[in-house]
Number of protein chains: 2
Amino acid sequence: MNLPGNHPLAAGLTSESALVRAFRGHPPRISGDLRHTPVWFMRQAGRSLPEYRALREGVAMLDSCLDPAMASEITLQPVRRHGVDAGIFFSDIVVPLLLAGVEVDIVPGTGPVFAEPVRTAADVARLRPLEAGALDPVAEGVARTVEALGSTPLIGFAGAPFTLASYLVEGGPSKDQLRARTLMHADPSTWTALMDWAADVTGAFLRAQVLAGASAAQLFDSWAGSLSLADYETHVAPASRRALSHVSDLDVPVVHFGTGTSELLVAMRDVGADVVGVDHRIGLAEANRRLGGTTPVQGNIDPALLGAPWPVLEAHVRDVLAQGAQAPAHVLNLGHGVPPGTDPDVLTRVVALAHGES
Amino acid sequence: MNLPGNHPLAAGLTSESALVRAFRGHPPRISGDLRHTPVWFMRQAGRSLPEYRALREGVAMLDSCLDPAMASEITLQPVRRHGVDAGIFFSDIVVPLLLAGVEVDIVPGTGPVFAEPVRTAADVARLRPLEAGALDPVAEGVARTVEALGSTPLIGFAGAPFTLASYLVEGGPSKDQLRARTLMHADPSTWTALMDWAADVTGAFLRAQVLAGASAAQLFDSWAGSLSLADYETHVAPASRRALSHVSDLDVPVVHFGTGTSELLVAMRDVGADVVGVDHRIGLAEANRRLGGTTPVQGNIDPALLGAPWPVLEAHVRDVLAQGAQAPAHVLNLGHGVPPGTDPDVLTRVVALAHGES
């Protein structure tokens, strides 16, 4: 199956955007002395924006994700404010689990907390697939957003199976995913069953966003950095490949990102990603070298620098841009999500810098 | 200054132990088919042992560290039980901060929490050096322990300046040391002053343990894995070197360890360590290759495997031993601390395996 004919990418509305061009490996357009590097920020829609905090007042996180009008408005806020080159759909990686019937809440200051951890073969057997129509609120939110965005591409996203499985096994966030990593070795068949379930649920979530109009997709494997390369390749990569297979027949570029993954960059690309997201721990020049010089990269402003004086941050961003220019293509981003306390004006200024306006 | 003549290492009591020999780069002794690889476990003294939990009942963590008899007894418990090749002095990396007058408590389930975070030049200026005699309870605890250990070496330890400074700036544990890493870039002179203070306090803590009889020393940089190599080298390594300079005139081997530090192994050795501790994310063979094949390594059983069935764990330990055998010398350990829920019998069995007894 290809993208529907009225999809923004198929219709040519976003295919020549700076973001999609970079994700497809094309160098940025240069007009005069101005080099326009596309830029967006992980967690750009969220707590750093006063208009977000106002809108979310009294609304629980997961409720806001499942309200198409609210999710759409939140997605649009940073695009309007900063002039970033893409929206990223406002949701949460646990949303598809919730829609598949898993009891989960997002506790402010903690993260997702599950009523019943999934730790045995019987626990895994109780997990249900997504029912028809379950993802409708997501698709509706995406469709509304895409219509409002016009020629600015929307990025759909999903959590990778390992990160979702880790949350499910631990019952919530954990420091080093110890229980999940024990299960992977102690009971590989239960682990594989859990990972395959997670791959299909999160893959369907990603596919729904793309079919509803997202022009690119990002898979977040937040916790992959706790794994050795050997464990990643044996116990994780097959399920990540399976998750991405849900969108592989649709012609949209896919980004794969995790933190602390400098040893895993090639393996994370090779599950089926077109672009590799890089965190702040390794320079983009070195990341590009490890990737063989053929893969577009995304990243990697150190979020800690957003709180430093502008000259310090500016020098850092210029260094990131210079290193990114060594790769076939570069989308500027942070090396992790926007910290909640970030001054939004700083992000706007970074966008101007990436667009060659300062 | 050299070690006092009655120091166990100077007196020859521990200098031929398997641990000290390995830390100095000598291969293990082999008798018949038995190859004795020295082994100890980070956090071997602690919550995994029922005798520890009984002794600590009703005693706050930092009080137990400052009670020489209790700290000594806790240190000895795992040596008696498991037959490990070394004791590691029971204390906490924040103990020297407490003894220097910093108000800190260890909150169960959270970690160290500071009454007043240190974030400005004025905050740093208020920090005081250790007063004479402040470390006496530590020295007394070590001296008691060393006497009881006889020919089994005691390892002294201390936290590295970056980890201590991160706690001080954040006011407690944090996910990615964001505030500390902001300060390092935003106000490098305040950062350096804080790091130098931490280096001297923690260096004095380490020196007190060595002078009181510890035959080796380990510097823990728990959070170094949140740093890029460039940031480590510029903003962290000088203070770690300064901390280790406090024991460099004493002829004891020094181990340097952090988690998520596969990119930093060489830099962490080059601040003055003899041995590099490796976490579970990278194989010892690869670590040895990165270190140029000339540095003894310590590690790196994945703590997650301690909860797996014995055949799975045994195969993993044998693989770690085989990889470690490629280095000039190898001390078996975990890739991180003993998880609190670990079955102590499993650790005893791992010791027997390392000692060629199973």
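All residue numbers here begin at 1 and follow the chain in the order shown.
Placed from the backbone N, Cα and C atoms, the Cβ positions cover glycine too.
Non-local contacts of B:ARG43 (substrate binding site) by the CB criterion (under 8 A, 6+ apart in sequence, same chain) comprise B:GLY337, B:VAL338. Residues annotated as substrate binding site in TrEMBL: B:ARG43, B:GLN44, B:ALA45, B:GLY46, B:ARG47, B:ASP92, B:TYR167, B:SER222, B:HIS336.
Same-chain neighbours of the domain 'Uroporphyrinogen decarboxylase (URO-D)' (B:38-47): 17-19, 21-22, 28, 53, 74-75, 77-78, 82, 84-88, 90, 155, 257, 331-334, 336-338, 340, 347, 350-351, 354-355, counting only residues six or more beyond its ends whose CB sits under 8 Å from a CB of the stretch. Residues or ranges marked as domain 'Uroporphyrinogen decarboxylase (URO-D)' in TrEMBL: B:38-47 (among others).
Within the chain, the domain 'Uroporphyrinogen decarboxylase (URO-D)' (B:155-171) has long-range Cβ neighbours (under 8 A, six or more residues past its boundaries) at 19, 40, 86-89, 91, 93-94, 96-97, 102, 112-114, 116-119, 142, 177-180, 183, 191, 194-196, 198-199, 201-203, 205-206, 209-210, 214-224, 227, 236, 239-240, 242-243, 255-256, 258. The domain 'Uroporphyrinogen decarboxylase (URO-D)' annotation in TrEMBL covers B:155-171 (among others).
The feature site 'Transition state stabilizer' is assigned by TrEMBL to B:ASP92. Contacts of B:ASP92 (site 'Transition state stabilizer') defined by a Cβ separation under 8 A and a same-chain sequence distance of 6+ are given as B:MET61, B:LEU62, B:CYS65, B:ILE106, B:PRO112, in order along the sequence.
Non-local neighbourhood of B:HIS336 (substrate binding site): B:MET42, B:THR259, B:ASP279, B:HIS280, B:PRO303, each in the same chain, at least six residues away, with C-beta under 8 Å from its C-beta. Contact annotation for chain A: of the listed binding-site residues (B:ARG43, B:ALA45, B:TYR167, B:HIS336), B:HIS336 place their CB atoms under 8 A from a CB atom of that chain. Counting other Cβ atoms within 10 Å of each Cβ, the binding-site residues B:ALA45, B:ARG47, B:TYR167 show the lowest value at B:ARG47. Secondary structure by DSSP for the domain 'Uroporphyrinogen decarboxylase (URO-D)' (B:155-171): 10 helix, 5 strand, 2 coil.
As a summary of secondary structure, the domain 'Uroporphyrinogen decarboxylase (URO-D)' (B:38-47) carries 0 helix, 1 strand, 9 coil according to DSSP. In the three-state DSSP classification, B:HIS336 (substrate binding site) falls within coil.
The average per-residue pLDDT of the prediction over the domain 'Uroporphyrinogen decarboxylase (URO-D)' (B:38-47) is 96, rounded to a whole number. The maximum pairwise C-alpha distance among B:ARG43, B:GLN44, B:ALA45, B:GLY46, B:ARG47, B:ASP92, B:TYR167, B:SER222, B:HIS336, the residues recorded as binding substrate, is 23 Å.
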